[in-house]
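J.: From TrEMBL, here are the annotated features:
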DOMAIN    174-304  domain 'Arrestin C-terminal-like'
């Protein structure tokens, strides 16, 4: 429609990031150059997951709709539209709102799959959903942070540990053995929390250990109708130096900070599963293979209520309060008495996804 100079959507939250269970408020902003007949305005809020990967013989793919809200905005009786259904030149605003289900999964983007949310608004000139008639549509992205309460997760408050005893060197030239133990205070943590890591490495071999490191690893499994595919991504790593032959190294509650990531499991989505682990990696000098020692953890959004499990924040990640105010061209959200969602919990954890709902070159259906 050439009669529209501007057609966009504005959310009450400037970052367009919401917690599952929140009510999303916004409005469509139309700037009309000349009189425009409007039969109806349709709003669709959609959440969809897609996965795809290649095998040696074919391509595996699947998709799932996790959220769909469709409504026709009430325009009859609006002062902005005259009795004959015309919008006159100038700016016009049509508010909308919808509530996200409390168990909605988080936005996510991986190498072989993603889960994204967007709003599509369509202005029809002839009939509701008349795809053959004149219509104009716009899409706008928003992100969702799913909820995971650690108090409902089995063993989240219990300590976890793992140990190993492995030979170092090749089968024809063994240099000795290395023993290692990795221990965490508990299994469950929340976003932006710093995990105190305790580990001990005993190098009982004649070969030097070049270095050791502890990493937070994200393990993602994608599911299709005929199979599944898994991938692992190292999110954060902290390092220590070498260990001499017959020497010992101790990690004394070194802090490993959790970045902004989707909570564990991605519950509410059947084709993507997310798990996390803390992994100790030992690299002997030379051509010897790495020794890896993982322990599984759960990352949630609501911390444990037990007072002995206090949330630890890395000092370098402490942030000052951010001003979330914003100036909008129409005062739907400027009044403090309005139903604006301030997302205080999200501000506390700074829970903004590390990746956008999708990349700029992604196509919106």
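Heads up, residue numbers simply count up from 1 along the chain you see.
Each residue, glycine too, has its Cβ placed from N, Cα and C.
Nobody curates TrEMBL annotations by hand; they come from automatic prediction.
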J.: Mean pLDDT across the domain 'Arrestin C-terminal-like' (174-304), rounded to an integer, is what?
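T.: Mean pLDDT for the domain 'Arrestin C-terminal-like' (174-304): 95.
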J.: Across the domain 'Arrestin C-terminal-like' (174-304), what are the DSSP residue counts per state (helix, strand, coil)?
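T.: Here the numbers are 3 helix, 88 strand, 40 coil.
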